[in-house]
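**Q** What follows is a structure written as structure tokens; I'll ask about it next.
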Ligand SMILES: Nc1ncnc2c1ncn2[C@@H]1O[C@H](COP(=O)(O)OP(=O)(O)OP(=O)(O)O)[C@@H](O)[C@H]1O
């Protein structure tokens, strides 16, 4: 909230320069066209004013009126020529600005999204970072607007230099008086912009919550409970109350703006009065001829209009710059929290992954989710992670996949600490079927092939993956087969059942063909036959050399695991094979007994 006017004034040129660099990168030809057209317009305007002065001098000169008009004609032609040139240049500037603006917005958006996609998972889960991301959403649009407003500022500035230059030539007193008229308006605009932005920041969380509430009412996920449980009225009621509070803030802003504006207008009025009084006194005292006074009035009028527009444009630019700075800030933060690039190479087929005394705590939680966990996974082995809800199984899987880094302890891949490995390569060795694997709103084909975008042998690979996950039946039933869109919210989109989705998720993980497969509850939505078959298939993958980490609550299905690790409240409490753990009569045996009893 470093919002003092001076601090902002110091930062504005730097921000404008960044926007300019962005525009240069987006389309330098369009940018140069805009600059040329605007400078040309400024020159044409100054020239036009000077020519007007010559017209007036001729008209107010002594002699018969027809002669005076005749001698004013050449200057009048110059006035017309300057006007025509200005109009052509303005049209050129409009066309170039129109071409430049969307490119700047696209470039700003793509840069920001590229950085956002590369941050650590921890940052994505951090509400503060999300808040930044939300406020930065407006930044790309602000970058676009900054182009237009910068052009406006340039235009008004050059026009002002033209009018001011002419005034300074006419009489040295007139220029400071002109500035005096503009000062109160400038003050008012900046004050209002700052107030609006401060309010935006203070109310951002509120606006986000309101948006979430509004989306809930229309979302497909909540649609059933909105109706059957009557949750719609409840949510709407909250939305209305929150909206009413936001409206009160808008009213406060509007009132404050009105008071500021009226004060500024009064001060500007006094300054304008003083200017015209000075002009009158100069005329009366004979310090200025009538023709010059006529031009001065013209220059003051256009000059105040130009100043007004300059103040407005600077103000708009300033306001957008505040939003653009958010984008810059989030880019810096995303860069700071980015997944590091480079590092030691990871073997194509890692032989051994070891957890050594690994602890992990989520940043917003006091109690660690994992406490001194040590385990080993060899190539071609299946290990199973079991334990009650919240015992830390998924967290462990995410650490293994390289999504989190241990708070203490080490994860060694063939003896090398994962912290030193090239994370991109590490990700490349892992396939995930997580509990919440993503249901991409794309076609069935893409939903599988997105497991490894850009994989070379398209259809064969797809066929193998589908056969493995027994997803044929799912795809055969779809109206357009592989090309069916799996997003009900779009025309022609189809909705799959949970189990059908799960088969596609499994096919996706198989399509990825990574040496390490992590299956987190891969069969929760499958019917009993499909579940048994799936576990059997997963087991066969290990025979082909894939290492598998299986997380499940179906304790009978971990029989074939080479080793079972039992977690409880983040601690590793038991490990062994299925028969060993049953014989030990510990935690696993107890859980297994409870499940088995249900079937007896
Ligand atoms: N992103 C997160 N941020 C903060 N805490 C989390 C996060 N994910 C999980 N936790 C917490 O960490 C602990 C372990 O969760 P985890 O998801 O690893 O358990 P789990 O054994 O996979 O549970 P389940 O069987 O229910 O899937 C829980 O207390 C959970 O509340």
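Cβ atoms are placed via backbone N, Cα and C, with glycine included.
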**Q** Write down the single range among 28-45, 46-63, 100-117 that appears in TrEMBL as transmembrane segment.
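**A** So the range that TrEMBL calls transmembrane segment is 46-63.
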**Q** Give the range, chosen from 75-95, 201-221, that TrEMBL lists as transmembrane segment.
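**A** Range annotated as transmembrane segment by TrEMBL: 75-95.
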**Q** In TrEMBL, which of the ranges 128-155, 156-183 has the transmembrane segment annotation?
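**A** In TrEMBL, residues 156-183 carry the label transmembrane segment.
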